[in-house]
Amino acid sequence: MDYDALVPEVLAIAADAGEKIMAFYRQDYEVTQKQDDSPLTEADMASHHRIVEGLRSLSPKLPILSEEEEVAWEERRDWDRFWLVDPIDGTKDFIKQSGEFTVNIALIENGVPVMGVVTVPALGIEYWGTCSGGAFRRKEGETVRLQVAEPPEEKRVVASKNHMNAETEAFIESLGPHCLVQAGSSLKFCRIAEGEADIYPRVGPTCEWDTGAAQAVLEAAGGRVLTFEGEPLLYGKESVYNPHFVAAGPWFTPV
């Protein structure tokens, strides 16, 4: 499969979903709570339906796993290639109108994210990456190739105040001299991919759709995402929950 050839069409699908989302932004809309107490808005569902429609038109035979449409393990267990979708990553950021929410679309092949698109509808930014063609960012019509940076002595740690805990703080302190870089949703990975941060530790719950697309972007930019045991973060598991992980440049190795 030509992953790079898919990128323009997936970007277009994500852009359409972004337009659906922005139609709700700064408007009155209904917010409900899912079983895990995370918020769900009308914008999430509008984005979900647009993305699913677009991907089914693009690749009718490829299955889709979206945050907003559960698929039983008995059906998923035989998938060796599938789309992984988060219609709005950072729904809390959407509700707070911070702008730092994203649309995530990844292609997973044999457990590995081989292509990913991350768009930021409120900020007009698009990120994408493939295992064969590198990583890129488009902003205000300008496209630049992304490459992770060599870390300075003072590590730039990207984290979210919403998810800070004692374990995360202890890990950050173990890095030595550091400063914190704030970012929401999948933008944490993208900050590392574009050389504006060095490391993102996540000691807390995430699901596959939260990370797949941005992991593809970061790895295409020369970074990597590892569990605390030093194993690659993989997809298509029976549980959609990820283990704890660290996203960083190639300089980092878990102890």
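Glycine too: its Cβ is placed from the backbone N, Cα and C atoms.
TrEMBL lists GLU67, ILE88, ASP89, GLY90, THR91 as binding substrate, and of ASP198, ASP210 the one it places in that same site is ASP210. Listed in chain order, the extra residues whose Cβ falls within 8 Å of the Cβ center of the Mg(2+) 1 site residues GLU67, ASP86, ILE88, ASP89, ASP210 are VAL85, PRO87, GLY90, THR91, THR102, ASN104, SER185, SER186, CYS207, TRP209. In sequence order, ASP86, ASP89, ASN104, SER185, SER186, ASN242 are the residues near ASP210 (substrate binding site), counting only same-chain partners six or more apart with C-beta under 8 A. The residues near the Mg(2+) 2 site, meaning same-chain residues not in ASP86, ASP89, ASP210 whose C-beta sits within 8 angstroms of the mean position of the site's C-beta atoms, are GLU67, ILE88, GLY90, THR102, ASN104, SER185, SER186, CYS207, TRP209, THR211, ALA213, in sequence order. In sequence order, ASP44, HIS48, VAL85, ASP86, PRO87, CYS207, TRP209 are the residues of the chain that are 6 or more apart from GLU67 (substrate binding site) and have a CB within less than 8 Å of its CB. When the binding-site residues ASP86, ASP89 are compared by the number of other C-beta atoms lying within 10 angstroms of their own C-beta, ASP89 comes out lowest.
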